[in-house]
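A quick write-up on the structure given underneath.
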């Protein structure tokens, strides 16, 4: 080759990035190219493993059944507390706070579970977290059903229930970050509407609540021990059976969870076991955390206090002094059924209305309904049908709004490497609101004569909900049109600019 020929050949070398913005764009482009190739490989592998039954479908199903079991275990105490009061009237006349301890122990356990499994979901994997929580959700009901006190001590029996339900609460809490994020990522993997997928999963909470009450009613009817206040011979067997029944749905869930896989989004992103500096996370997401955690906190003050005290509220207003356990269970079941449409209307409309907008609508309507019921409580006392209807509308808007959307928004507003951590923090603040609501609204209800206590509870709940609507409007962005991938790359760009790209992108 002649010199002239050689001089005509030019080797074009890729120029190194000139500044931080070029460097960011280069890394993001490389990551996107790598993700496209990996996605195709993963889909081919899933066809080989599952045939036409894809892993996102499995993830959605097992997340939904897990929430069914979680709600059953949590809300069934609503009815069982009335059985315990009938079976052990002398004990509860002297230890009236024990029912609150049993309910609050599950809430405290849930807070621990939400924080712990939020970290596990990001550091180890969503599947690993769900397998552990399903194990706890099986053991918890079994241990609850065999609770006993030393030498037949009634006090020991209920303290064991406090401890065991605290342990169960850890599993209940762990379901929130792991299941919500798993469902959100499964929706993106399957290229379906994410909001609908997540809310159909969450709707199983309402089904679990209804089924728990139905199982208790069937058990009461079978023993026929509920028709007379002084006939409590069958109560002991009833509450133990009802608690044990909660373990049954978890058995198929555990089997299916062994076959599920971490989401395509989680595996492609390659964040497993990689620690993202929490300072960077909070610096980028602190406003959103204020929004998701704060709104969940306000929602659960309303949701859990009304849910746990619903039997007391209903029977105090409409049932009269001759109420039986069956009366209380029937009224509670009616209210639970009235809330079910809210879950499904929300699931079917959330992607059309907008995730943020639906939360504002729900909070605002709950606020107005709560204040209205509180103002009219004396008139509603003599009209049970009107009260049940208005209370049902109140709880409908809790589900068609903040109770479902707080779950959804916390699962989609954060990036993959910190998604379950931030969802767990948000959910933990929610359970803190539940604990405050049950701890303070219950005494407020009993502090006033007549229906003034119920009036105060509803007006406070209404005011809290109005605050929730304002907080949502102020700090939460609308994620409806963004994919989880978009959020990942926005966070990755921020991380690279702050010098932590090696922790996110290195092999």
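Cβ coordinates come from backbone N, Cα and C, glycine included.
In TrEMBL, the transmembrane segment annotation falls on 156-176 of the listed ranges 156-176, 303-323. TrEMBL assigns the feature transmembrane segment to one of the listed ranges (360-380, 486-506), namely 360-380. Over the domain 'Major facilitator superfamily (MFS) profile' (59-480) the predicted model carries a mean pLDDT of 84.
At the 8 Å Cβ cutoff, the transmembrane segment (422-442) and the transmembrane segment (276-299) share at least 3 close pairs (sequence separation 6 or more) and count as touching.
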